[in-house]
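Here is the structure we will look at.
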Ligand code: GDP
């Protein structure tokens, strides 16, 4: 990405890093920029205190050192968890969970394409069986991505049976990766968690579940995280996918959500196009965030 990302702190911090010296304004401006970028109050306070202590320790007055220290601390914190996807099983089963509207279907399409570009064979299971439109949308994405799809035979078919059929097909065909779409109706939280539990139990009769990816929308930030709490508590989430970073000024959400949940970020979505999904690399992300 040549142009500056919307979630970069660059513009907000230009005044700080471009100033002649470090003074009290440095800390106020840094704090404001981090809060605005959705790092959350606690993390912001920790980061500012840490950099301030370092500035005092090394007796520097150069704002460029603040920039470097910020980049380093963000990279170090982002690297504390392992962002590598575990896809070594054959087939590797990936459940994708999250609240409706966060970009789950789009993410599955992009993820299928991402895997196809690495020459991995993919089958998608449409286990959100109550949303006919979502099934059609998923089928369109699968086709564009060059992946196979298993659709429900009728609307409202037991999601677990669609998941089972998908994994079964993968085993018969020798397909490497299975991606299962799941429902995200928040109104029926208890029922939804039971449904996910059943999908998992049924799938595990055929193959272990390699990843449970929770999709979160960066533009909703901390609110979105609160909405997804039930998934974090009950769905055995192994990785986070942050979508819609392209339209967001909330780059700090990526770190705050990882620290709050203790679950690594594994993928980030930055657009509606099929190629707009990438793996998560702390070094690259910190570099783009801070400049
Ligand atoms: P679902 O209900 O969770 O399956 O959500 P969808 O996949 O249908 O996505 C909801 C809306 O978000 C659609 O208009 C998508 O095009 C859009 N969307 C998904 N991911 C991204 C992203 O990374 N960036 C942007 N800008 N839009 C996205």
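Start at 1 and count along the chain as shown; that gives each residue its number.
Keep in mind that glycine also has a Cβ here, set from the backbone N, Cα and C atoms.
Quick caveat, the model's predicted, so the values are computed rather than measured.
Marked as GTP binding site by TrEMBL: 98-105, 181-185, 243-246. The domain 'Signal recognition particle SRP54 helical bundle' annotation in TrEMBL covers 1-78. Per TrEMBL, domain 'AAA+ ATPase' is recorded for 90-247. The annotation domain 'SRP54-type proteins GTP-binding' is assigned in TrEMBL to 91-291.
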**Message:** Rank the binding-site residues 104, 185 by how many other Cβ atoms lie within 10 Å of each Cβ and give me the one with the fewest.
**Reply:** 185
**Listed in sequence order, residues with CB under 8 A of residue 245 (GTP binding site) and six or more positions away** = 5, 6, 7, 218, 251, 254, 268, 269, 270
**Item:** Greatest C-beta neighbour count within 10 angstroms, which of the binding-site residues 98, 101
**Value:** 98
